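Here is what Swiss-Prot records for this protein:
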- 7-29: transmembrane segment (TRANSMEM)
- 35-57: transmembrane segment (TRANSMEM)
- 64-86: transmembrane segment (TRANSMEM)
- 91-110: transmembrane segment (TRANSMEM)
- 154-173: transmembrane segment (TRANSMEM)
- 222-244: transmembrane segment (TRANSMEM)
- 257-274: transmembrane segment (TRANSMEM)
- 279-298: transmembrane segment (TRANSMEM)
- 303-322: transmembrane segment (TRANSMEM)
- 354-376: transmembrane segment (TRANSMEM)
- 397-419: transmembrane segment (TRANSMEM)
- 459-476: transmembrane segment (TRANSMEM)
Amino acid sequence: MSIKRSAVHTLALLAAAIFGVVLLLGAIHKDIGFMQMAAVLAVLAIGLFLLTLATAFTTKERLFMAVIYILIACTFLNNAFFAIHLGFFSLFLYRLLLIAAGCLHIFGMVRNRTHIERWHGLQVKGILLFFAFWFIYGLVSLLWAKSVTVGLKYLALLAMGIFFIYLIVMYVQKMERLMIVYAIWLVMTVFLMIIGFYNHITHHHLASSTLYSGPEYKQHYPTSVFFNQNDFATFLSISFFFYITMMKNIKNGYIKAIGLVLSLCALYLIFATGSRASLLGIFAGIAVYIFIVLPPVLKRMAIWLSAAGIALFAVLFASKIYSKFWELFLAPQTLHSFHDRLPSNVARANLLKNAWHFFLDSYGFGVGAGNVSYYLEHYAVYDTDNVAEVHNWLVEILANFGLFIMLGYLSVYAYLIWVLYKFYERKLENQSKLITEGLITAMVSFLVSSISPSSVSNLFFHWVFMALVIAAVNVLRRSRQMPEPMYR
């Protein structure tokens, strides 16, 4: 089956499944308790019936991959359309599907040994082992955490993200499957942007948004299915480059036009959110994109010119940079009226200073999984206007898990960019260039824009993105050893 036909079949199944589930859940949206649980049981019963019926017409592997693709698509819906609150934990559609996929995976491991062969064939075992070590370290960190409950909730999110990465990397080991995952991201982004434009034009938001029944002056911010506009903007800062690379590397003129329109839509919505960090991420990604497409001679010139430009900027604006740094991070804290909110830059600087204080106080080991928010709420040294999230992904990792885990994550991130870039230099065909260009630029953009959301740990698209990147590196490495099977 060709890649195009397989993608069309998968996306058709995906659209039908999501549409059916949304219709079913929409019918009982206003009910709670018994009716909500009955609806879940009905969905599961229908799902089991369809799985049983499907096994008669397809192979188990294709069936499992269909579950994986639907799972990937449902991660983009977050908890916007359906959620079961179990007190300390909530079940969303993608969490139910992740549990189902996990059970099917374990059942398959018991039945045959193909999973061992899959594992031996992986070219990214070290990266997966780092994520496993991260989770184990998080468990150990509960020994000194102030709040074990908060730590367990955080580790549950971390475990789901890591297990999702493992599933995708284990089963997406062919270029055909990788392109389907890429296509799912592109299609689901269109769906989320439609909701975003609806928010922006009508000033109506989904119940999962903080702007639902929020202040009138914020109603024009698009949030789509996300908690707030910053989360949505960070997501779009990734999708923007996927559309740009699609426009560049696909020869079909209609698809090029669609890619251009969708990239402009994503850029407009980022402007509409007012997220400065996401705009900086876009600029950083564009700068890197221009660099990687330059000829080798011009690349060297670009590096020297960039270094000279940065040095000149630092010299010309050294006093202003230092004074601003002093004002935000070194100057003694000044009192302000509790009736007035802190300026956003001062509040964010205080969040970083608090996190740094907690990190030093823990001797570099971190305050324990998820506990930086607990510390900000109960032990903040600097005023944050009662904000209890760091608003910086790398600093969040540093404060929660310590220096070693943060440097490990950053090293893995940089290593993935480097490997993708080295593959890009090998003059790949358009399909692989689309993947490498899109992922490199999106990774740079996300690294910058990740200072915008309050926390990245609960943004599941981050784990989908990391799974896509790691799976791409694995596929490209395997294609170097066994080129034919990877591109069938």
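Including glycine, each Cβ sits where the backbone N, Cα and C put it.
A quick note: this is a predicted structure, and the numbers were derived from the prediction, not measured.
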Other parts of the chain folded back onto the transmembrane segment (303-322), taken as Cβ under 8 Å at six or more residues beyond its ends: none
Among 222-244, 257-274, 354-376, stretch most in contact with the transmembrane segment (154-173) (C-beta, under 8 angstroms): 354-376
Contacting positions for the transmembrane segment (354-376) when only residues 6+ beyond its ends and CB under 8 Å are counted: 138-139, 141-142, 144-147, 150-155, 158, 382, 384, 387-390, 392, 395-396, 398-405, 455, 457
